[in-house]
Amino acid sequence: MLISLLGSVASMPLLAEENAKDVFGHYQPALFQIRMIEVESGNKSSIGSGFQVSADGLIVTNYHVISDSVFYREKYRIEYLTHTGETGPLTLQHIDVVNDLALVRRESDGTEFFPLAANLPAQGDNIFSLGNPHDLGMIVVPGTYNGLKKSSFNQKIHFTGSINPGMSGGPTVNASGQVVGVNVATAGNQIGFLVPLAPLQALVKRAQDRLPDSFLDEIQRQLIVNQERLLSPFIQAPWPMASLGQAKVAGEVVDFLPCWGDSNANDKNARYLTVQKRCRLDEEIFLNQRLRTGTLELEYEWLTSNKLSSTAFYNLYEQGMQSAGPGNNAGKENITNYQCQQQRVTNAQSMKLRFVFCTRAYKDFDQLFDVLILGASYGQAQQGLISHFTLAGVTQQMSQAFTHRFVEAMAWQ
Amino acid sequence: MAIIIEKLGGNNRQVKHYRFAQPSVSIGRGYDNDIRLDDPYVGAEHAVIEQDTEGRIYIRDSQSLNGIHVNGKQQQQAELSKDDVVVLGKTRLRIFDSAEQVEPALRLSVIESRLTILSHWRFTLLLAFVYALALTYQTYLHTFVEFDVGKMLPRLVSELLILSVWPLLFGLLSRLQKQDARLASQYSILLLVVLVGMGLSLVSQWLKFNFAQFAAWNGVELTVMGVLFFSLLWLTLLIAFHQPTYRRNRIALGCTFLLIACLMGWQEIKQADFSPRPNYQFVLLPYSYAINDGVSTEAFVEGLASTYQKTAASRSKD
């Protein structure tokens, strides 16, 4: 990693090198390592980066860096570490779980801070990501601004440069040292993602607001707002239909849900044909180490066979129905077991369907559920349609409305 | 009035029986005795048994090397009753008056006389054949590539071998009780129960497909399984052992309850455990097996509320 880092620095134009040095030198007092301190042991349990955005001590970091202190308030406290090695406590002010941002405050006299840029840079501009990867000390990583990530629901900046664990929460600045984004994730080799300006500005603006009474309630409120935005296109109108084999299933409802297709047409031994379509929102919302939410999966599989008897075909078909799982990770502390019910349904398109519907409740959020459904058509002797969706962190009302649209959006051609 | 002497095997079961009308009987290894015991630890003239005019029976040691033990205690002379076990050398005897009453006869079970057909090997083979056919057909219906009958044979053999454990075990137990193993009957009963079980599981598939919402399925399934297991065990015991009906009922009922309790306990443990995946069993059959068209989308979506409520209620449980 170190070698590749040096390599990339060396290949940058001279100007960039100058800028990087300047920016780093000038703003170093406004850069912090953010550490979660486990109260019992008094030692740090996880680290991230953060940067000051106002003269009166407001610091921005990632929500996921400080999430432990929201869910386990007694067990953890937040501390900062300056470049000169001083430490001090931080108090949580505001959070934005959907964009993975948090605002904390330090009571101290340091007045150096990063100004926020007014606009996003132009595609191809050099930008610099700052942070403390793997607790190695503060570094600067030059890279390229590559626009907003295509067809995403909650937008992220695509940064071509290495973002490593520990740099989370650090700022990414333009050549004049103004913040254009916050380091948040990596997709491997030189592909990094940043939280863009807009949510960052919105969060900083909220500094004047009263502190939330309960951060958990605040998280639930934000999740519900986010889910309403995500699901309302699905709920407002019947879904457009697209064909899959001899069946018709949901077409493109929104442009931020990428779909992938597959079939076993090239398998010479198989005595049946299966055609699949899987759509999955490729972002999720981090709540804590063992709890992710905000996922959406939509899957269809069309099966047919003229070589198997009807009974054998249905046995095959039945096997495809036994292993539905959730789309998000969740642990025992945060979620209940699934409860399921099964029902035979005839939808308005006269398709005969049999469903298993399962839901589990979030223990910390009294209105949120994970929901999954698995359905199979049973009206035709030699063909079948498996349909499936999972939703994470939704209210009963929204998920029931979604289910209604989902069940209606299936037909035979 | 006569002296009855029973030679006992292990387990105190009778292996040989003597009856003497005379008032005095001598026992020993010598050829002159009334009863000759071929036991190297028994003396040539070891003991004498005598009966007085009132029917009381005594045993007297004839100054033997190893003596006489009555109920584990060495005695020169002792009065004997029916429950006493007398040991000479390594031979165990029971000695009593012929006036002692035997236990009343066991009533022959009505079922037993109807089970004679099961004891024919031809019938057993027929059942085994039917079972093999059913298993092969079932496997065929679950094979989604080219079906190869040759590959089925090892599976059939191993399935039959696994099934054989039950009849062979009870056959062996009844041999140990010095009774006929009656393997044909044991095999027939097991195969019959297995076939009935296979039939019932088809019925249960149909019921689950049509009435998945019925909450008590689990209880019904356990009950039917219990009845099936009880029948199997009861009939097996009937064939394997000579025992009074009340005892057979008790053993079969006890074992059935134990099995059901274990199954229920296991289910409880599994349910209480956290699982990140939903636990359900999905049965799918073609339209011709459906009794109706099911509900409308609206009714389905509305009906989901109960599941939300159930899972919301489990928030507070732990």
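From the backbone N, Cα and C atoms, a Cβ is placed for every residue, glycine too.
Taken verbatim from TrEMBL:
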DOMAIN    B:25-75  domain 'FHA'
TRANSMEM  B:123-140  transmembrane segment
TRANSMEM  B:160-176  transmembrane segment
TRANSMEM  B:188-207  transmembrane segment
TRANSMEM  B:219-239  transmembrane segment
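A contact between the transmembrane segment (B:219-239) and the transmembrane segment (B:160-176) is present, since 3 or more of their C-beta pairs, 6 or more residues apart, lie under 8 Å. Beyond the transmembrane segment (B:160-176), the same-chain residues lying 6 or more positions past its ends with a Cβ under 8 Å from any Cβ of the stretch are 128, 131-132, 182-183, 186-187, 189-191, 194, 236-237, 239-241. Summarised as a single figure, the pLDDT of the domain 'FHA' (B:25-75) averages 91.
Mapped onto DSSP classes, the domain 'FHA' (B:25-75) shows 0 helix, 22 strand, 29 coil.
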